[in-house]
Structure formats: structure tokens, C-alpha cells
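Quick notes on the structure that follows.
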Amino acid sequence: MSKNIVMLGLPGVGKGTNADIMVEDFKLPHISTGDIFRSAMANHTELGDKAKSFMDAGNLVPDEITNGIVNERLNEADVKDAGGFILDGYPRNTSQADSLESFLRSIQQKLNAVIYLDASEKTVTNRMLGRGREDDTPEVVAHRIDVAKKETMPLVEYYRNKGSLYTIDANGEVSVVYPKIKKLVSNL
């Protein structure tokens, strides 16, 4: 059976960090929209330049651009060969969630788990300011958290209502949080 997983949570909550460990344990590709966009920006692609203008202002990249990139990535051979994926940073709203569900249905797949890493704003703010990314200024961090709460939090209810949401307290260190994730994914 596939292990198709979405990681949800505020920016800086540890989605990417925990997903990277899951890659080692479960041999699933980690698909991070943030990494895709940062790579495109570094290479000054057309998409990268468009994404940069949104990200520099702390805003989300428009759905139509993001949906297309994610669908292309989910269709690549390594994802098909692995029998699953870990999505980090997508979907960010119910429109993207509907697009993902529709795409997965078109390839006879479905989501197996949506893991919501729940942490306080103080925790995620401190983590983001401590990671040293160019776009992590105090003002941009505060704005990103506000945007993410408005856009992402309805997803928590969306997936809770579908019965696929698993909430994990992510206020602690990775050494405390990750074993809970590993146990959950092992039982899928």
C-alpha cells in the first residue's frame, strides 16, 4: 500500500526537518514546494523570478503556479517507484487540497495521512529567526505566520472532517517529536 503523506503546520514548525528523517526511514521522496521555489529563484527561472516577488513580501505563490509544479513532481519516476511521497508546504489552502485530491484520483491514488505538526507561534518564530534564511526577517516572519494561519488553518478542519488528520505536538525538540511521527507512519 502507498504511503502518501502531507505535512501541515505553521512555517518553522519542523515539517522539512521531520520529513528529511522520514526519507531515510521510509525511502519516500520529500517534496517541498519551498525547496522547489528556492531552487527556481537561485537559477533565475521565469517561475523563480515570479515566486521570488511573492516570497520576498512574505506572501504565498498563487495556486495555479503551485498546483502545476506539484502535479508535475508527483508524476516523476522516483515518486511512482517509491510507492508514495511526503509533501511539505503543500497544500496550503482548501483549493490546493481539492486540486491535489483530484490529481491523485486521476492516477488512482489517495492521501493516506495528513500530519499536522502543532506548535505555538512563539516556538515557530524563534525557530525561523534562528535558521538564517535571507527571507526570515522579523517582519516577514510575523507576516508569514499571519498568512499561514489564515490560509492553512482551515485545512486542519478540512482534513479533520475527512478523517485523515493526525495532530502531533511539535513544541519539543525533533528527538521528542519524530518518534511520534515514525510510529504513526509505520502503522499506515
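Note that the numbers count up from 1, one per residue, in the order the chain is shown.
Glycine is treated like the rest: Cβ placed from N, Cα and C.
The Cβ neighbour count for ARG131 (ATP binding site), using a 10 Å radius over every protein chain in view, is 11. The ATP binding site annotation in Swiss-Prot covers GLY12, VAL13, GLY14, LYS15, GLY16, THR17, ARG131, GLY172 and rests on sequence analysis.
Swiss-Prot lists THR33, ARG38, ASN59, LEU60, VAL61, GLY89, TYR90, PRO91, ARG92, GLN96, ARG133, ARG144 with the feature AMP binding site. For TYR90 (AMP binding site), the same-chain residues that are 6 or more apart in sequence and have a Cβ closer than 8 Å to its Cβ are VAL6, ILE31, THR33, THR66, VAL70, GLN96, LEU100.
Positions annotated as region 'NMP' by Swiss-Prot, on the basis of sequence analysis: 32-61. Counting only same-chain residues 6+ beyond the ends of the region 'NMP' (32-61), those with a CB under 8 A from a CB of the stretch are 16, 19, 69-70, 73, 88-90, 92, 135, 139-141, 143-144, 147, 151.
Feature annotation from Swiss-Prot assigns region 'LID' to 130-136. In the predicted structure, the region 'LID' (130-136) carries a mean pLDDT of 75.
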Whole-number Å value of the largest CA-CA distance among THR33, ARG38, ASN59, LEU60, VAL61, GLY89, TYR90, PRO91, ARG92, GLN96, ARG133, ARG144, listed as AMP-binding: 26
Least Cβ-crowded entry, counting other Cβ within 10 Å, from the binding-site residues listed as GLY12, GLY14, GLY16, GLY172: GLY172
Residue pair ASN59 (AMP binding site), GLY14 (ATP binding site) - Cα distance, angstrom, rounded: 20
Fewest-neighbour residue among binding-site residues, criterion Cβ within 10 Å, set THR17, THR33, ASN59: ASN59
DSSP-assigned states of the region 'NMP' (32-61) in counts, ordered helix, strand, coil: 21 helix, 1 strand, 8 coil
THR17 (ATP binding site): secondary structure state under DSSP, collapsed to three categories: helix
